[in-house]
Each structure stands twice: as structure tokens, then as C-alpha cells.
Amino acid sequence: MNPLTLIIIMFTLFMGTMITVFSSHWLTMWIGLEMNMLAIIPILINKATPRSTEAATKYFLTQATASMILMMAITLNILDSGQWTLINPQNQLTPVLITLALIIKLGMAPFHFWVPEVTQGVPLKSGLILLTWQKLAPLSILYQISPSINPTMMMSVAILSIMVGGWGGLNQTQLRKILAYSSIAHMGWMAAIITFNPNTMVLNLIIYILMTIPMFMMFMQHSSTTTLSLSQMWNKNPLMVSTILITLMSLGGLPPLTGFIPKWIIIQELTKNGNIILPTAMAMLALLNLYFYMRLIYSSSLTMFPTTNNLKMKWQFESTKRMPLITPLIILSTMLLPLTPALSVLN
């Protein structure tokens with residue numbers, strides 16, 4: 001892609017998200033979402049292969065459907081209230097439709113089917129943008145309308161997303177699909193807390209992004225996309241593989257790593273609100289995610305795949321890519337737990 005074209009597309013993507021995040025008007029919010037959707041399509045098909053084209057088409061059709069539902073909900077809100085601002089909707093159907101549209105855009109269960117397929121079909125850089133930056137705009141709208149969201153609907157979506165995120169990743173050998181199912185599970189945790197404490201949802205989102213970015217950066221550093229390539233990397237760069245495995249444990253929410261913070265705070269917040277069974281079920285289902293991360297760790301480090309002479313010589317072809325931000329991001333993604341007492345301001 002032409003560098004100037006790429007700059008324009010990335011600027012449009014950035015502006016679309018910022019317009020949505022900082023807007024309190026439904027029309028500008030919708031325009032920002034559409035700018036965001038149209039700008040990401042060329043990024044997804046940056047390498048024009050049949051697979052990336054198919055992934056971009058799936059993404060476009062899904063997002064267009066969600067945008068149509070959202071526009072219908074906005075129209076109903078205008079007919080009922082006569083205003084374009086984000087106020088408590090008078091019609092009970094309006095917040096349900098808005099929530100439904102945003103759930104589709106975020107790829108939460110039961111509308112999650114496009115997330116693993118699209119993530120698998122695009123390059124690692126595009127997958128990183130898809131699973132991190134593209135979550136900001138829809139979640140900002142959910143944050144603003146959180147007082148009018150149906151808690152029962154969101155808790156059902158949350159439990160289902162955590163379950164799907166755990167079960168879906170069990171049989172996967174593709175690293176991008178594993179991270180896609182991890183994203184679905186993390187979206188479930190955010191959905192569970194948004195009606196009770198939206199600020200905790202923001203904290204969860206920040207920590208999720210801090211953990212996902214270094215994972216993708218480490219995969220990009222060595223062009224690893226499968227568990228086989230990850231295990232073969234052990235011969236070439238054992239320190240990097242060890243870091244990847246620790247970050248995977250953090251993504252799974254294993255204490256005392258960073259990923260344990262949001263789960264701990266969310267379970268505490270739900271318990272304070274009188275929910276005992278739901279956080280218990282969420283914690284049990286989260287073990288599925290931790291299980292397939294631990295299995296990936298076992299297959300990558302404790303068992304060694306057969307190595308050939310060509311593989312042993314890979315040290316001569318070290319990657320020349322340099323990512324200076326990767327070290328502080330790795331530290332943040334694994335060692336943030338000592339800062340947790342300072343997060344008591346959220347309570």
C-alpha cells in the first residue's frame with residue numbers, strides 16, 4: 001500500500017474512533033462508527049489474498065448489519081424523545097436494539113462467529129488493530145448508555161461469551177484464533193460489570209489492551225502464527241518464548257500477574273452487589289481459558305518438536321525488526337499487580 005494512502009486511512013480510523021468516543025450526539029456517533037468501519041477494510045486487505053478479502057467481506061457484512069440495527073434504534077429514540085442526545089430512552093425496545101447492535105460490533109456471543117474467522121484471515125498487524133483499537137468506539141457508547149442497559153441481557157451475554165471464549169479455544173492450534181477467542185472471553189468480563197461499575201469496565205479494557213499488544217508484537221517479531229512455529233522458536237530465542245508464555249498466563253488471569261487484576265475487581269464488585277452465583281460461574285468458566293493457555297505453554301516449552309538441521313541453523317537468519325516499546329509493554333502486561341491497591345479509587 002502507498003505510504004500516503006496508509007497515513008490517510010490510519011488518520012481516518014483514528015478520527016472515526018475519536019468522534020465516537022467524545023460525542024454525545026447520536027448522528028456524530030454513528031458517523032464516527034461508519035468512518036471507523038470503512039477505514040479498517042483497506043487495512044484488513046493490505047495483503048490482497050483471497051483469504052484476507054474473504055475476511056474483510058465477512059467483517060463488512062457483519063458491521064453493516066450492526067450499523068443498520070443501530071440506526072433503527074436511533075430513529076426510534078428520536079421518534080420517542082425528539083432529541084439526538086444520549087438521554088435515557090423512553091421506549092424499552094430502544095436500549096435493547098442499541099445493545100444488540102454494539103454486541104454484534106464487539107463480537108460477543110452469540111454473535112461471535114465472525115471474530116475468529118476474520119482474525120485468522122488477516123495479517124498479524126491487522127489482527128492487532130481489530131482486537132484492540134476497534135473495541136474502543138462500541139465500548140464507549142456502551143459506557144455512556146450503561147444506566148439504561150438491561151442487566152439481565154448483559155449478564156446473559158457475559159456468561160455466554162466467557163463460555164464460548166473458553167470452549168472455542170480448546171482445539172485451536174492457530175495463535176490468532178486463540179487470541180480471538182481470548183478477546184471474546186474478555187469482552188464477556190467487560191459486559192458483566194458494565195451495568196454495575198462502568199469505570200471497572202474501562203480498567204478491564206485498558207489491561208486487556210496492555211496484554212494483547214505485546215503478545216501480537218512478539219508474534220510479529222518472529223512471524224509466529226501457529227503453536228508449531230512457537231515451539232520451534234524455543235531453539236532460536238528461548239527468552240522471547242518464556243516471555244510469551246508468561247504473558248499468556250497473564251491473559252488467562254493467573255495470579256500474581258496483571259491479568260488477575262480485572263477478574264479480581266469484577267468478582268469483588270459483583271459480590272458487593274449481591275451476586276454470588278454469577279461470579280462463581282464466571283470464575284469456573286475462566287478456568288477453560290487458563291486450561292488452553294497452560295496446554296499451549298506445555299506443548300511449547302515442556303515438549304520439544306523434532307528438529308531438523310535446517311531448523312538448527314535458523315539463528316543465522318535472525319529477524320532485523322526492532323520494536324523498542326515491546327519491553328515496557330511486556331513489563332506492564334505481567335507485573336502491574338503491585339499497583340492494584342492504588343485502584344481502590346474505583347470502588
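Placement of Cβ uses the backbone N, Cα and C atoms for every residue, glycine included.
Per Swiss-Prot, the feature transmembrane segment maps to 3-23 (among others).
Non-local neighbours of the transmembrane segment (59-79) in the same chain are 26-27, 30, 33-34, 37, 40-41, 44, 89, 91, 93-95, 97-98, 100-102, 104-105, 111, 114, 118, 130; each lies 6+ residues outside the stretch with a CB under 8 Å from one of its CB atoms. According to Swiss-Prot, the feature transmembrane segment maps to 59-79 (among others).
Annotation comment: Swiss-Prot describes 95-115 (among others) as transmembrane segment.
Tertiary neighbourhood of the transmembrane segment (127-147): same-chain residues 13, 16-17, 20-21, 24, 29, 32-33, 36, 40, 43-44, 59, 86, 88, 95, 98-99, 102, 105-106, 118-119, 176, 179-180, 183, 187, 190, 194-195, 198, 201-202, 205, 208-209, 212-213, 216-217, 220, selected by CB-CB distance under 8 Å and a gap of 6+ residues from either end. Positions annotated as transmembrane segment by Swiss-Prot: 127-147 (among others).
If you look up Swiss-Prot, you'll see 149-169 (among others) marked as transmembrane segment. Remote same-chain residues near the transmembrane segment (149-169) are listed as 95-96, 99, 103, 108-110, 112, 116, 142, 177-178, 181-189, 191-192, 194-196, 278, 281-282, 285-289, 291-292 (criterion: CB distance under 8 Å, separation of at least six residues from the stretch ends).
Summarising the annotation, Swiss-Prot assigns transmembrane segment to 178-198 (among others) and lists sequence analysis as the type of evidence. Residues 103, 106-109, 112, 115-116, 119-120, 127, 131, 135, 139, 142-143, 146, 149, 151, 154-155, 157-166, 168-169, 172, 204-205, 208, 212, 215-216, 251, 262-263, 266, 269-270, 273, 278, 282, 286, 289, 292, 296, 346 of the same chain lie 6 or more positions beyond the ends of the transmembrane segment (178-198) yet place their CB under 8 Å from a CB of it.
What Swiss-Prot records for 200-220 (among others) is transmembrane segment.
Feature annotation from Swiss-Prot assigns transmembrane segment to 241-261 (among others). Panel annotation: around the transmembrane segment (241-261), residues 182, 203, 207, 210-212, 214-215, 218-219, 230, 233-234, 286, 289-290, 293-294, 296-297, 300-301, 330, 332-337, 340, 343 of the same chain, lying at least six beyond its termini, place a Cβ under 8 Å from a Cβ of the stretch.
Within the chain carrying the transmembrane segment (274-294), a Cβ under 8 angstroms from the stretch's Cβ atoms is held by residues 155, 158-159, 162-163, 165-167, 169-170, 172, 178, 181-182, 185, 188-189, 192, 248-249, 251-254, 263, 266-267, all 6 or more beyond its ends. Swiss-Prot lists 274-294 (among others) with the feature transmembrane segment, giving sequence analysis as the kind of evidence.
Marked as transmembrane segment by Swiss-Prot on the basis of sequence analysis: 325-345 (among others).
Sequence-distant contacts of the transmembrane segment (3-23) (same chain, six or more residues past either end, CB-CB distance under 8 Å): 29, 31-40, 42-43, 129, 133, 136-137, 140-141.
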